[in-house]
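Quick look at what Swiss-Prot lists:
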BINDING   S9, R42  L-glutamate binding site
BINDING   A76, R77, W103, T153, D173, Q196, N238, T239  pyridoxal 5'-phosphate binding site
MOD_RES   K197  N6-(pyridoxal phosphate)lysine
Amino acid sequence: MKDIFNFGSGPSMLPKIVLKKIKRDLFNWKNTNVSVMEISHRNKNFLKVIENIKNDIKFLLSVSNDYNIILLQGGARAQFSGIPMNLTNNFSDLADYINTGYWGMYAAIEAKKYCSVNIIDVIEKKDKLSILPMKNWNISKNSVYLHYCPNETINGTAIYETPKFKNKIVVADFSSTILSRPIDVNKFDIIYASSQKNIGVSGMTIMIFKKNIFLKQNKFTPSILNYEIIYKNNSLFNTPPTFNWYVSGLVLKWLIDQGGVKKINNINKIKSKLIYDIIDKSKFYKNNIYDEYRSYMNIIFYLPNKKLNNLFLKLSKINGLLFLKGHRAVGGIRASMYNSMTIKGAKKLANFMKYFEKRYG
């Protein structure tokens, strides 16, 4: 069987060693004679899974004791509602939302249902895309919190700058970049990330939040989105997707075995450089983002026309390079290079790009 590499934006590929472990556990998890999908979420073995996930997140991101960690059901999009409902209690409360692209804007649109929103555009379009430095963000003095998305999967942009806003609650959607590079958690009040890119399979969102941050909750906040209630119930306010959480636990152990976040960050830089170098040396492939704002996780590039774009997708699939089609909003090609993507996979894509340009350029 030839090597297959999944460059999809999420759900992403999983490490082979994790897939093999899942296969072994599928019918008899921890000598219980049942699958992990059948086990009670109150079972002592599964309670240990939850504890391990939290401890491994703390270890990998150096999370201090000033923060709590909860596991939420569903994707990050639900938190576009949950965040304003847990931080504001009426429409007169103001929140700053940074428009970094598709997801940053979508979060702002959802928040408007619960509070006043000040949308701050930070994307600059000249010859290429760039992002305003944080010191030039027009933050409101009286806003309750600031929300932004450090990595935009659709636009292929990233913000690597660390926030330094005084007396401001800083909230960040790290869904597509969590655990891919070191971050200073202490510079944030709330970090949340869905699991289907760098943490496991879809169905879970991890949230790290500063203790006592939720002091102004909307009285209409559903209990299932009330972060304090979820924390007090050990993330078990209702039955969780046990299999999803189990897989996330395996992926976190795998990342620790790889050497942690610093080591995987170096690998991610190598992978992305293999692709960006080809783009930058080529007159055939185009990327419209300045280097310092390019995402390591989601590489966007364009071919000269739609016909070549479609041919690239067809032939790449035949060669075991899957799910490279760009998002419908921007088109082109998107190569998502999450933690589980190997250097071997990145090299295979790079070699295919060279071949395709030589053959059709």
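Placed from the backbone N, Cα and C atoms, the Cβ positions cover glycine too.
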Sequence-distant neighbours of R77 (pyridoxal 5'-phosphate binding site) in its chain (C-beta under 8 A, six or more apart): Y106, E110, S194
Cα distance (Å, whole number) from S9 (L-glutamate binding site) to Q196 (pyridoxal 5'-phosphate binding site): 9
Among S9, R42, K197, which are recorded as recorded positions, the nearest neighbour of A76 (pyridoxal 5'-phosphate binding site) by Cα: K197
Listed in sequence order, residues with CB under 8 A of T153 (pyridoxal 5'-phosphate binding site) and six or more positions away: S9, G10, Y102, W103, S175, S176, S295, M297, N298, H327, R334, S336
R42 (L-glutamate binding site) in three-state DSSP notation: coil
Proximal residue to R42 (L-glutamate binding site) among recorded positions D173, K197, N238 (C-alpha distance): N238
Site extent for pyridoxal 5'-phosphate, whole Å (max Cα pair distance, A76, R77, W103, T153, D173, Q196, N238, T239): 31
C-beta crowding around A76 (pyridoxal 5'-phosphate binding site), within 10 angstroms: 26
Inter-residue C-alpha distance, D173 (pyridoxal 5'-phosphate binding site) and the residue listed as 'N6-(pyridoxal phosphate)lysine' (nearest angstrom): 13
Between N238 (pyridoxal 5'-phosphate binding site) and the residue listed as 'N6-(pyridoxal phosphate)lysine', the C-alpha gap once rounded to whole angstrom: 24
Residue, out of the binding-site residues S9, Q196, T239, whose Cβ gathers the largest set of other Cβ atoms within 10 Å: Q196
For the recorded positions W103, K197, N238, the one whose C-beta sees the most other C-beta atoms within 10 angstroms: K197
